[in-house]
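Trainee: Have a look at this one.
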Amino acid sequence: MASPPPFDICGDLDDDPTPPAPTPLAAPTPNGLNDRLLRLTRTHQRGPSQNPNPNPNPNPKPPPPPPPQEPEPAKVKLAGRRRLCKLSTAGDESAGDDDSIRDILDDLTTRLDSLSVDRPTARPRPHVSPLPCALHADPDPSQSQLNDGTKPSSSFVDCDDDDDDAGGAYGGFGVKEEVTRKVFKASSSFGGRGNDDKMKAKGAYAFDTVSRKTTTESKASKFFGDYDDEDDIDQDAENGKENHADDVGWEKTEDFKMEPTGTGVTRKPYNLPGRIFNMLYPHQREGLRWLWVLHCRGTGGILGDDMGLGKTMQVSAFLAGLFHSRLIKRVLVVAPKTLLTHWTKELSVVSLKDKIRDYSGPNANARNYELKYAFKEGGILLTTYDIVRNNFKMIKGNFTNDFDDEEETLWNYVILDEGHIIKNPKTQRAQSLFEIPCAHRIVISGTPIQNNLKEMWALFYFCCPEVLGDKEQFKARYEHAIIQGNDKNATNRQKHIGSNVAKELRERIKPYFLRRMKNEVFLDSGTGEDKKLAKKNELIIWLKLTSCQRQLYEAFLNSELVHSSMQGSPLAAITILKKICDHPLLLTKKAAEGVLEGMDAMLNNQEMGMVEKMAMNLADMAHDDDDVELQVGQDVSCKLSFMMSLLQNLVSEGHNVLIFSQTRKMLNIIQEAIILEGYKFLRIDGTTKISERERIVKDFQEGPGAPIFLLTTQVGGLGLTLTKAARVIVVDPAWNPSTDNQSVDRAYRIGQMKDVIVYRLMTSGTIEEKIYKLQVFKGALFRTATEHKEQTRYFSKRDIQELFSLPEQGFDVSLTQKQLQEEHGQQLVMDDSLRKHIQFLEQQGIAGVSHHSLLFSKTAILPTLNDNDGLDSRRAMPMAKHYYKGASSDYVANGAAYAMKPKEFIARTYSPNSTSTESPEEIKAKINRLSQTLANTVLVAKLPDRGDKIRRQINELDEKLTVIESSPEPLERKGPTEVICLDDLSV
């Protein structure tokens, strides 16, 4: 059988010009990424058409048959990759173009992965040996080759030898193209984490050479590595650093290094780049050492430096060293909203900009993203107190598993700026912060004691609760004795006991509390360029009430509102009296009606016409828009009248002035008066947006005009630097002395080169004089608890609590001014310009001038004790050494008698103010018996509390004896005595 003729494809096509019928197409399907990639590679391989003739051939030749399809390369799963990766060899020349395209796609994939917080953590690849990865000055990736001369393909994880990685890894050192050789030692931890994160895998690389060029241009991109708390780092690689600075002509900057101290868990040293360390003042460098000691002890503390000494910069630099040393991973910074911008600025200065995560915006989704990123990658989370209060469960990690379970605590540090905000531990703000787990807590506050000692205890209880114990212990051991000893009318024995207890308190908190004052850090003796801070003179301007203010003040004291407030809360009546002292137009309708009620007994006075007219106008009973005096009322308010005379003098001399008031309504009145005089001004209050505040502050600091800046104390007194102004006017005093101090320190801070004069306006013989006395009393408590010298006792609480009474000397004389003049009159040292300025002030019809800066400038001398007082004090002092050694359980009275029979025990307490029928001799006998029981060491050793309850009973009996001995004879009282607690008044 003959075989069939061979089938000639080309012959058949030549014989029959008719093309065959097209094959029916399948249903169109969407092209995937691989299909588009295959089409692109084939088109790239074929290249453009070689036929230059654009006209088609009428008889075209059929296309050549397609080449046999080659098998697709195998795909494998690599750690750190989302997609399957094709394997290729370096000798496969045909895949060169495919490799370049795949490299582009892989690079895009890794970049997208780096933007996601959900990407998997890089895992080590045990089957791939570590590859030496070198960075060269030539940024061309094609020059990077392996030791065997082959080009690395996409089957290996990319090394950091591209432009972005080289610049990112050394951006913090300010190194540009002068880099000649930088070697990293690679561990077995490889994984694709994107260009920005490849060099930051945990424990992946250790610097072998650290040389840098000192320049002001430095990137903050990848200066610090991630948190690393493992001990398997090659210490020889870290310590055996080879210096190549001489080869390239670099100027080397030495790092600041501190070794671990004590027996804490920290075993790695602290390293801070020298560029950052050189930015700090000497007192800030000392602050770094103090913070490092706390870190090694595993506890926290209070940074209480005076306002304007750069507390934020100290903490930022300390965090920079911790991140640089790989000692921490996450930090939570809680601050008022107005201070977050300042924190961002300071953290950026120390090259921590890329560590910042903002958790303060209004968008909840954006905040949650930042929080999740901080959990995943670490960093510094900036937020506010209110956001923590509402979201503390999320911040403590209740709803996420993004952090490693091996970590002991979620947050390494919780830092509270303006930490006195949590001075009341019962508030939701304080309780929410207590819920957040952390290893260290740092409180930043220039005023840790604002009203009473309990506020200082609250701050210590937050950051280091083991220092002062619980609240009851602190009150019984420290607070009561110090307050009694600080009273001007205290007995000699009370003063000695208070002084010794205060000394013990200072020694107790000394390791955990750091406070430096500006006059201690920057001495006033400097001149010229050596003078880092100017002088400050604070003056109390004692003003005389106008006739209108006097009539309103007296009328309100006779009103029913004052009499009813004496039986209840006096705050409403106190507020009205303060408004009358500032400006009568501040009175509300209800307050004006109360003033009218008190005018019945004063109708025969000559000047009642205008006063009654103003009161009726305020109460909406009369309307007289033509009365200019009622609209602005410079002659109605002594403060406004004096202020306009002072501004005329200051502006004419070219000074810039800050004016602070507690209320926006008072600022409105001042603003109207300034507009009438034609002065330019700027203003910030609670209605000003934060973005606008920054612009307004910049305009004042750098702008050519607007010599007057109006601010409210609650907004403008916090976080602003206004060193262009050298004159500050505080219109109305606050119950909280730190409020006024913060306002003053907007101008008196680092960077102020002019001498600052502060004017605190006070009205003589009014409620404001009582407020000023209370400020001084609170300031004495703070200094007694924190400063190592005996403080002057200016006032007693009995002087302060006489609020609702007319001054016997009238409104033209200030007894406080006379007392301060007698106390500090001989200390006045003024230059000619200040002396002339005070003479000008005294010509404005004021009651007098006091020098607030001289308060507490003298060291008081304790009076000598008689024999009986000396015996009592010697007996009481040993108890100060043993009182606090017990546990934190509550002390109870009569513990010795019922130590072995706790079920039959009935607690008995003593009130210092209660009347006792026991004589001092009987109380002393009880103390002696209990002391003998306490001396029986065998019995005390068997007690569960080791005698703490007995010591508590002895202390209570001793306090009771002190009250009885110091109490005067009972006086006949004409009526019910008003009892007002002024310690908690902080507004």
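Here the Cβ of each residue, glycine as well, is placed from N, Cα and C on the backbone.
The structure displayed is predicted, hence computed values, not measured ones.
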Trainee: When you get a sec, could you say which of 224-245, 686-707 is annotated region 'Disordered' by Swiss-Prot?
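Mentor: When 224-245, 686-707 are checked in Swiss-Prot, region 'Disordered' belongs to 224-245.
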Trainee: Under Swiss-Prot, which of the candidate ranges 193-196, 417-420, 901-904 is annotated motif 'DEAH box'?
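Mentor: Here Swiss-Prot associates motif 'DEAH box' with the stretch 417-420.
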Trainee: Around the ATP site formed by Asp305, Asp306, Met307, Gly308, Leu309, Gly310, Lys311, Thr312, which additional residues qualify by having Cβ within 8 Å of the site's Cβ center?
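Mentor: My list of surrounding residues reads Gly446, Arg749, Ile750.
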Trainee: For Thr312 (ATP binding site), which of the three DSSP-derived states applies: helix, strand, or coil?
Mentor: helix
Trainee: If I restrict to non-local contacts, at least six residues apart, and a C-beta distance under 8 angstroms, what lies near Asp305 (ATP binding site) in its own chain?
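Mentor: Spatial neighbours, sequence-distant, of Asp305 (ATP binding site): His283, Gly287, Lys311, Gln314, Gly446, Leu514, Arg515, Arg516.
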Trainee: Indicate the candidate from Met307, Leu309 with the smallest number of other Cβ atoms within 10 Å of its Cβ, considering only these binding-site residues.
Mentor: Met307
Trainee: Once near-sequence residues are set aside, which residues in the chain of Gly310 (ATP binding site), 6 or more away, have Cβ atoms under 8 Å from its Cβ?
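Mentor: Within the chain, Gly310 (ATP binding site) has Cβ neighbours under 8 Å at Tyr281, Gln284, Ile750.
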Trainee: If one looks at the chain holding Thr312 (ATP binding site), which residues at least 6 apart in sequence have a CB under 8 angstroms from its CB?
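Mentor: Within the chain, Thr312 (ATP binding site) has Cβ neighbours under 8 Å at Leu339, His342, Trp343, Glu346, Asp417, Ile444.
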Trainee: Can you tell me the mean pLDDT for the domain 'Helicase ATP-binding' (292-466)?
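Mentor: Taking every residue in the domain 'Helicase ATP-binding' (292-466) and averaging pLDDT yields 89.
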Trainee: Check each residue in the chain of Gly308 (ATP binding site) that is at least six apart in sequence and keep those whose C-beta is under 8 Å from its C-beta; list them in sequence order.
Mentor: Lys518, Asp745, Tyr748, Arg749, Ile750
